[in-house]
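Data first, discussion second: the structure below is written as structure tokens.
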Amino acid sequence: MKKEFRKKVLALRKKQNADEITQNSSLIFDNLCSIREFEDSNTVMVYLDFNNEVKTDKIIKHLLSLNKRVLIPITILKTKELIPSQIMDIENETFISTFGIREPKREFIRKVNKNEIDLVIVPGVAFDKNGYRLGYGGGFYDKFLSDLNCITVGIAFEFQIFDCIPKEDHDIKLDYIVSEKRVIKIRSAHVTNEVYDFRCSKLSTLRK
């Protein structure tokens, strides 16, 4: 079920044009900056976008301009691990790896203990209003987030957010979901979610 759902959403994402991606990514950045925990965090891990994902360069440059410690993930395929590495210059310190994903050049790898992270910006194929995430199927972020105690924020285009997505018992809920239209703040189970719809400028409540 996850595989088929993932395939359909990726097909939708592929249909976006470059202008749509750039414009909506900028709106997502604006909404992300409205989250107090994002602005207050000192050490933030941000993925490097590829293949029509929400663009993250603007997020990274914003954090660096505020003298925040910015981390990007190094992917270890053999063990399905993500290793946080500090980045100071996104243009000059990264390269495109074999799989088309940007990663830090070897000479600029600065490993950081994951327990020092205050907030993680999480990519995904799809999200739901209860905070669950559908990834690419590799399990990298599931493993990384399983024992991490920090704020987690999923960013996505609005068409990637659903009332409910396929999930399993081991799947982890995120703290926020941010799109170009709204910020969804996830609370504990059995409590309603606050949805801030910036386009409509109103606060509504989604009941589970």
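Even glycines carry a Cβ here, placed using N, Cα and C.
The ATP binding site feature in TrEMBL is assigned to K2, K3, E4, F5, R6, R133, L134, G135, Y136, G137, G138, G139, F140, Y141. For R6 (ATP binding site), applying a Cβ distance below 8 Å and a minimum sequence separation of six or more within one chain yields V125, A126, L134, Y136, G137. DSSP assigns R6 (ATP binding site) to a helix.
Per TrEMBL, substrate binding site is recorded for L48, E53. Mapped onto three states, the DSSP output places E53 (substrate binding site) in coil.
Taken over all pairs of the listed ATP-binding residues (K2, K3, E4, F5, R6, R133, L134, G135, Y136, G137, G138, G139, F140, Y141), the Cα spread reaches a maximum of 20 Å, rounded to the nearest whole number.
Taking the Cβ of G138 (ATP binding site) as reference, residues of its chain lying under 8 Å away and at least six apart in sequence are, in sequence order, K80.
Cα to Cα, L48 (substrate binding site) and K2 (ATP binding site) are separated by 24 Å.
In this structure, the binding-site residues under consideration are Y136, F140, and the one with the smallest number of other Cβ atoms within 10 Å of its Cβ is Y136. Of the binding-site residues E4, E53, E53 has the largest number of other Cβ atoms within 10 Å of its own Cβ.
DSSP assigns L48 (substrate binding site) to coil in the three-state reduction, outside any helix or strand.
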